[in-house]
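Novice: Input: one structure, supplied below.
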Amino acid sequence: MASAMASSALREATCTMTRLAADVAASVSSIFSCKDSAGPRPVVPATKTTSTPLDVMFFTWFAKSSGSSLPPLKVVMTGATISIDSTRGALKKLARKGIKGWLNQYMATIKEIEPIVLYEQETDARWASYSILVRVVTSDGRVSYGEAVPTLRILPVVSAVRQTARAFLGRDPHEISAAFYEWYRQDFFLSRSFESATALSAIDMALWDLKARELGAPLYELLGGKLRDRVKVYANGWYGGCRDPQCFAEKAKEVVARGYDALKFDPFGPSFNSITSEELRRAEEAVAAVRDAVGDDVDILIEHHGRFNANAAVEIAKRFEPYRPYFMEEPLHHEDIEGYRKYRSLTSARIAMGERLISAKEALQYLVEGLVDVIQPDACNIGGVTGSMKVAALAEAFSVEVSYHNAYGPVQFALEVQLSAVTPTLYRLESFYDYWPQWKRDLIGDPFRLSQSSVEVPRGPGIGVAVNERVLEKYRAEPSEIPVGEEPVWVVRGTWR
């Protein structure tokens with residue numbers, strides 16, 4: 001009985017696809033202004049779909065009836081190369097949009113790339129008051145977003161996005177790698193530009209999101225499939241206003257009570273380049289107070305912001321050894337290679353760094369020399385999804401953990417959750433999420449909920465969240481520079497004493 005039903009369904013499917021093939025052939029001929037006197041070729045049973053140049057189009061159709069799986073069919077026709085991954089869904093889509101409209105989606109180009117500055121004054125960090133989203137619009141009206149770095153560079157970054165966009169406008173949005181190398185040839189080859197790199201990164205993010213949404217799949221599926229359903233995170237941004245050990249300890253307890261089992265903080269106040277005995281004593285007291293407050297089962301991570309010379313960094317590492325920090329982040333500026341070599345030879349501390357790197361080739365030097373234990377690529381700097389995956393692959397080859405730097409905004413956060421889901425050597429993802437102003441969370445619908453120091457990986461298409469256009473328009477602002485004050489823009493507000 002089941003066999004008869006299957007055969008009947010197969011005959012019906014063959015007839016349906018033959019008629020569909022004729023319609024598509026006519027549409028393709030009109031779009032490409034080409035004709036084929038032979039007409040559509042016959043339906044041929046096949047076990048898989050292959051891809052060829054524009055003179056051949058394949059449709060793969062899996063017919064299902066009464067729970068029976070039928071052999072896939074392949075319809076070979078003149079025209080362009082297109083794949084349909086489901087039967088009824090694809091047919092319904094074709095019926096709704098029309099053959100020509102559906103095909104136009106696959107021939108769309110990048111029509112517009114727009115940097116959008118968002119702002120609302122925030123109490124705990126001046127850079128957290130800003131976001132720079134980059135909106136990519138295709139010629140058929142699809143929209144996606146990436147995110148760029150705002151710190152101290154609002155106007156230069158906005159200008160760089162507009163300049164970098166020239167390498168992408170009019171191109172096929174699917175050709176992400178080709179667009180990257182065109183950008184490299186046009187805009188980057190003769191200079192090392194942070195602004196250009198963050199502009200590229202934001203556009204790359206948006207194009208990957210766009211491609212995944214087009215396929216109806218979460219981004220992690222395009223990157224090989226997820227390795228974990230939940231991503232472990234650590235808290236940052238929680239210690240605003242802390243200048244004494246008691247404040248750090250009390251707020252650290254609140255972080256753990258919220259559900260985190262790892263947290264990062266900068267205990268160094270206004271120390272810069274060198275550190276006095278008194279400054280080191282106060283920093284040590286803060287670290288000791290946090291360790292005592294959270295116990296031995298919580299990872300504490302020490303943020304240096306890359307601001308010490310090698311001698312000071314080594315002295316700090318030795319003083320902090322009794323408190324067992326999981327890693328020491330950016331004890332020196334990333335350009336101080338000799339300083340990192342000295343630090344490695346004189347301390348046993350795990351080194352975390354990488355947020356300032358803008359290419360996989362830069363990351364490679366630290367990996368080859370064994371100067372990093374936890375590498376921290378930032379998707380907003382390193383080249384978006386494309387650059388992040390290159391660094392993650394290198395990290396796996398060198399048995400180095402990955403912890404994506406993740407400070408700027410909700411689009412970056414959602415995208416790096418997807419990246420973290422597929423990264424083999426993941427340590428944790430950085431999270432300011434619970435300590436951002438509410439508007440940043442509302443920008444993507446505030447979907448992430450902490451449980452056991454982790455967040456669930458969204459299963460929706462693309463990066464798994466959608467930008468709320470109403471919230472975006474509410475906080476849209478004219479590009480302007482972040483004012484420079486006594487307290488540097490990169491610190492958590494109120495900690496520079």
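Residue 1 is the first one shown; counting continues down the chain.
Note: Cβ is positioned from N, Cα and C throughout, glycine not excepted.
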Novice: Quick check on the annotation: Swiss-Prot has GLU303, GLU355 binding Mg(2+), so which of GLU278, GLU329, GLU396, GLU401 does it put in that site too?
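Specialist: As annotated by Swiss-Prot, GLU303, GLU355 share the Mg(2+) site with GLU329, chosen from GLU278, GLU329, GLU396, GLU401.
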Novice: Other than GLU303, GLU329, GLU355, which residues of the chain come within 8 Å of the Mg(2+) site, judged by Cβ distance to the Cβ centroid of those residues?
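Specialist: Near the Mg(2+) site, the remaining chain residues are LYS264, LEU301, HIS304, HIS305, GLY306, GLU330, ALA352, MET353, GLN376, HIS405.
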Novice: I need the least crowded one of these recorded positions (GLU303, GLU329, GLU355, ASP378, GLU430), counting other C-beta atoms within 10 angstroms of each C-beta.
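Specialist: Selected from the recorded positions GLU303, GLU329, GLU355, ASP378, GLU430 on minimum Cβ neighbours within 10 Å: GLU303.
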Novice: How big is the Cα-to-Cα gap, in Å, between GLU303 (Mg(2+) binding site) and HIS405 (active site, proton acceptor)?
Specialist: 12
Novice: Looking only at Cβ atoms, how many others are within 10 Å of the one on HIS305 (active site, proton donor)?
Specialist: 16
Novice: How many other Cβ atoms are found within 10 Å of the Cβ atom of HIS405 (active site, proton acceptor), counting all protein chains shown?
Specialist: 26
Novice: Pull out the recorded positions from the set HIS305, GLU329, GLU355, HIS405 whose C-alpha sits within 10 Å of the C-alpha of ASP378 (site 'Increases basicity of active site His').
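Specialist: Matched recorded positions: GLU355, HIS405, sequence order.
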Novice: Run through HIS305, HIS405, GLU430 for me and report the recorded positions whose CA is within 10 Å of the CA of GLU329 (Mg(2+) binding site), in sequence order.
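Specialist: Candidates kept after distance check: HIS305.
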Novice: Between GLU430 (site 'Transition state stabilizer') and GLU355 (Mg(2+) binding site), what is the CA-CA distance rounded to a whole number of Å?
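Specialist: Each residue's Cα considered, GLU430 (site 'Transition state stabilizer') and GLU355 (Mg(2+) binding site) end up 11 Å apart.
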